[in-house]
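Engineer: Mind having a look at this structure? Questions to follow.
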Amino acid sequence: MMVALRGASALLVLFLAAFLPPPQCTQDPAMVHYIYQRFRVLEQGLEKCTQATRAYIQEFQEFSKNISVMLGRCQTYTSEYKSAVGNLALRVERAQREIDYIQYLREADECIESEDKTLAEMLLQEAEEEKKIRTLLNASCDNMLMGIKSLKIVKKMMDTHGSWMKDAVYNSPKVYLLIGSRNNTVWEFANIRAFMEDNTKPAPRKQILTLSWQGTGQVIYKGFLFFHNQATSNEIIKYNLQKRTVEDRMLLPGGVGRALVYQHSPSTYIDLAVDEHGLWAIHSGPGTHSHLVLTKIEPGTLGVEHSWDTPCRSQDAEASFLLCGVLYVVYSTGGQGPHRITCIYDPLGTISEEDLPNLFFPKRPRSHSMIHYNPRDKQLYAWNEGNQIIYKLQTKRKLPLK
């Protein structure tokens, strides 16, 4: 590097000398001395620069060496740290598994305690529910159906659908006739004889209701007519026959009235019934050909007291009735005979289908438009192909409650 600097100095001298004026005898020694001195200063500066550069290079080499040593140490430390972190991760994982196991044991104990508590609550609720049902159905009625003894055709009309009945509670001889499945006219006859003979006096009293009924599921209970309002899917009307006004109304909950109650009764969506325990509603559950739902209604306030999902299907059913708190469902094939009871439901569970004989109705050519039980005279009132029929029943005592 020094040789290069000196060569550069010589070239610089030659370059500057080329521009100097011609030598003069008196000035040449002084000028040469001046230039020489300046070049010496320049050489000294270049020498210092060279020394500084060498020192920098040496320091940089030492620094690089130190960095290499430190990087080697870092790699060693990194390996040690990786090993330590790996061991720590294994310990944390082991500790987490132990914590999860302890938590599982705690949750298992809590779950067992919760299940025991839930089971105890369910048993208590079931006991209270059973007590409530027994209290609700605690009437002086312990009969069960054993057979249909005979039938009596009381009257013949041209209308295929309709209903007829007496008051289920009041000791009144009056007979009520409701013609058709959608109407608002009630005919009131003084007694059964006046109903049977057209020309008998007094003549029937005609009453036009302010609302029309739907289906053939009407009942007379304590002087009130209960029926399904035609203008709605699930409204029950309580009509005061004496005052000729709507006394009260209610909506059955749960989507009631969207499907037919019975497959072979094409106009009845809610079938009302009366027995020794009071007022009931029979309707279909959700779905096509679903099971029947039994609902107990408090007739005074029109409040729902309880509902039961029964095992009885609406498919192939044509009618049903209640006797002493037990639901009896009448079935037929394609709407033709024989008409028989093949499904019953007892909310108290005292009787089942195995306890009953084969229950057949006397053969009729068509399905029943309605069959209603009257707890006062213990008979069935039915409508079949325009015939108003009374069925006499054979009963026996139920088994005692356990």
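Each Cβ is built from the backbone N, Cα and C atoms, and glycine gets one as well.
What you are looking at is a predicted structure, and each value in this text was computed from that prediction instead of being measured.
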Engineer: So, in Swiss-Prot, which cysteine from Cys111, Cys141, Cys343 is disulfide-paired with Cys324?
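Structural biologist: Disulfide pairing in Swiss-Prot: Cys324 with Cys141.
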Engineer: Could you tell me which of the ranges 79-133, 189-243 is annotated in Swiss-Prot as coiled coil?
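Structural biologist: The listed stretch tagged coiled coil in Swiss-Prot is 79-133.
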Engineer: Nearest by CA distance to Asn183 (N-linked glycosylation site): which of the recorded positions is it, out of Asn66, Cys141, Cys324?
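Structural biologist: The smallest Cα gap between Asn183 (N-linked glycosylation site) and any of the recorded positions is with Cys324.
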Engineer: Can you tell me the three-state DSSP label for Asn66 (N-linked glycosylation site)?
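Structural biologist: DSSP call for Asn66 (N-linked glycosylation site): helix.
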Engineer: Near Asn66 (N-linked glycosylation site), how many other Cβ atoms are within 10 Å of its Cβ?
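Structural biologist: Its Cβ shell of radius 10 Å holds 10 other Cβ atoms.
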Engineer: Look up Cys324 (disulfide bond) in the DSSP assignment and report helix, strand or coil.
Structural biologist: coil
Engineer: Have a look at the disulfide-bonded residues (Cys141, Cys324) and report the one with the fewest Cβ neighbours inside 10 Å.
Structural biologist: Cys141
Engineer: Round to the nearest Å and give the CA-to-CA distance linking Cys141 (disulfide bond) with Asn66 (N-linked glycosylation site).
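Structural biologist: Rounded to the nearest whole number, the Cα-Cα distance is 109 Å.
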